[in-house]
Every structure is written in structure tokens, then in C-alpha cells.
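If you check Swiss-Prot, you get these features:
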type     : residues                                               : note
ACT_SITE : LYS190                                                 : active site
BINDING  : ASP34, GLN35, GLU36, ARG93, GLN94                      : ATP binding site
BINDING  : HIS127                                                 : Mg(2+) 1 binding site
BINDING  : ASP167                                                 : Mg(2+) 2 binding site
BINDING  : ARG192, ASP216, ASP220, SER221, GLY222, GLY223, THR224 : D-ribose 5-phosphate binding site
Amino acid sequence: MKVFAGNSNRHLAEAICKYLNVPLGNATVKRFADQEIFVEISENVRGEDVFIVQSTSFPANDHLMELLIMIDAMRRSSAKRITAVLPYFGYARQDRKAGPRTPISAKLVANLITEAGADRVLTLDLHAGQIQGFFDIPTDNLFAAPILARDVKDHYDTNNVMVVSPDVGGVVRARALSKRLDCLLAIVDKRRDRPGESEVMNVIGDVSGKDCILIDDIIDSGGTLCNAAEALLKKGATSVTAYITHGVLSGGAVARVASSKLRELVITDSIQPTTGVQSAHNIRVVSTAGLLGEAINRTAQEQSVSGLFD
């Protein structure tokens, strides 16, 4: 087993290797003067079980091309099996036709990864579970819920916690966390009038006196969560904390979170935190290295990955 990484999230790749007690593979990923990407694998991978850790996060297109070229380099170097480890799968929100004459980009990206030569995909909290079916190769979608649930238990009295979905579409994810915490569930019903804007409408469930835990897979602009926090506090919640798997945090999201009613935003390191995120007073990062590392180990040993969530 050998683990390699592109440039998107080397800190996470190094942490995964530390968990596995293996060195990070020696590979060069650089750009020519015209910004073409060049990859060179600097050690023998012939006959090896290779894992490439690469989030296709901002800049998504550059990191995607790095991944594709690394897969191609491994295939041409006679690796026995190539697993693309995608802590964050970019383009996942483009999982359906949004209107006439629009693409399904998530499917296209899945095809590209497959055609480049990947034999298997390992990813975390896909935006929509059915994206697994976009790949024509085995795909394991891991869940961050055990990590998030453990952190909630470490920081809150679960007897007073209520898990809240920020929209109707996230109810399944919220229910899974509430089951792990053995607590009640509430829903924020919102209306999105136009792209980039969200308006909180009302809260379904009695949150009065509760420590509310908002749960979602992605925070991008932060508008939905900040508005949801305000609505919950108006309904009598004692505090509101958001637990989000993927901290995209584009544009002015970090500043928006910092000035919001959120007690804290907890994200994973599926996307490498920026300096702004690391210095924010109310944003905290929890590691997925153990989860991803164990999944990689089980894959290499031909053991069950689903057993991680039993």
C-alpha cells in the first residue's frame, strides 16, 4: 500500500499517513510557465495498491486536473490498483439538470475519474448519496457523523441538545445524527428567492431552552446557516452551533460566520482550512484523518468499510 497526494490537502494526507504509519509517497505536482500541470511519480509503484488523496476543492478545476493526471501517471507506471480518495468531491451540487440545456457535471466528473484509470473511489459525505451511482467503479461514501457526534458529546450535555436540519432536504442527515445522540430533531423551513440568497421562514419543532446543533454537508456562502441560527434563537434556543462536513466558505463567508449568532462553526478538514478559517474566533476544525485512514487500511486489506459505521 502506498499513499500519494496532490496539492489540494497535503496536511490531511500527511495526517492519514501518520495514522497508517506509512510515509507519504514521493511525487512532484507542479505547473509549467503556461500553467499546464505536470506530475512525476518519484518512486516505484509497479504492482502496488495506490491511494491518491485529493479534494477537488477551490480551485476546483486545477485540483481535478491534478487528480486526473496523477491517476494517469499511476496507471502508466503499472500500479496494481488505484483508489481516488476524495475527502471533498467538487461538482457534487451539480447532480441534476437545473433547467433546460444544463449539464449534470457531477456525472461528467465521475466519468473523467473512471476513464483516467481509477479502480475505486473513496469519498466523504457526498452532497447526494445517489452520486455513488454516477461512478461505474466501486465507490465508498463515508459518513462524518461518528466524528461529529463524538465532538458534540465532548462539548455538550446531550440531554439538552436538539439536532436541527437547516432545510427539508437535509432531514435524513440530521436524523442520523440525532439517532446517534439520542436526542430530538427540528427542521428550519426556508425559501430561497434567488441564487445566493436564502430567507428563513419558520422552525418546525420546539427548540425553546435547547442547545441547537445545525447539521449539513456543505457551508458555502454561510447565508443559510446564519439565518437559521437567528431564527432558532428567536424561537428561544439557548445556543446554536453548526456542524458541517465540508467548509467551502467562499467569498465573505468567514466574516459572515464571525459576525453571526452562531456560537461556533465546527467543520472537518476535508477541505484544507485557509488562514482566515484558522484565525477565526468561532470556527473550529476536527480531523477526518482517522476515519479516512482506517477506510484506506480496510480497503487495502479487503475488509468491510461499512463496518466503520455499525
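The backbone N, Cα and C atoms fix where each Cβ goes, glycine too.
Using CA atoms as reference points, the recorded positions ASP34, GLN35, LYS190 were checked against ASP220 (D-ribose 5-phosphate binding site), and the closest is LYS190.
Cβ neighbour count within 10 Å across all protein chains ranks ASP216 highest among the binding-site residues ASP34, GLU36, ASP216. All protein chains shown were included, and the count of other CB atoms within 10 Å of the CB of GLN94 (ATP binding site) stands at 17.
Of all Cα pairs drawn from ASP34, GLN35, GLU36, ARG93, GLN94, which the record names as binding ATP, the longest spans 30 Å.
According to its DSSP assignment, ASP34 (ATP binding site) is coil. With respect to the residue listed as 'active site', the closest of these binding-site residues in Cα terms is GLY222, chosen from ASP34, ARG93, GLY222. A 10 Å radius around the C-alpha of ARG93 (ATP binding site) takes in none of the binding-site residues listed as ASP167, ASP216, SER221, GLY222, GLY223, THR224. Cα spacing between THR224 (D-ribose 5-phosphate binding site) and the residue listed as 'Mg(2+) 2 binding site': 9 Å, rounded to the nearest whole number. Separating the Cα atoms of ASP34 (ATP binding site) and SER221 (D-ribose 5-phosphate binding site) is a whole-number distance of 31 Å.
Across the structure, SER221 (D-ribose 5-phosphate binding site) and ASP167 (Mg(2+) 2 binding site) place their CA atoms 15 angstrom apart.
With a cut-off of 8 Å between CB atoms and residues at least 6 apart in sequence, the same chain places ILE187, VAL188, ASP189, LYS190, THR224 near ASP167 (Mg(2+) 2 binding site), listed in sequence order. Of all the binding-site residues in the record (HIS127, ASP216, GLY222), the one with the smallest CA separation from GLN94 (ATP binding site) is HIS127.
For GLY222 (D-ribose 5-phosphate binding site), the same-chain residues that are 6 or more apart in sequence and have a Cβ closer than 8 Å to its Cβ are LEU249, ALA253, VAL254, ARG256, VAL257, SER260. Counting in whole angstrom, GLN35 (ATP binding site) lies 35 from ASP216 (D-ribose 5-phosphate binding site) by their C-alpha atoms.
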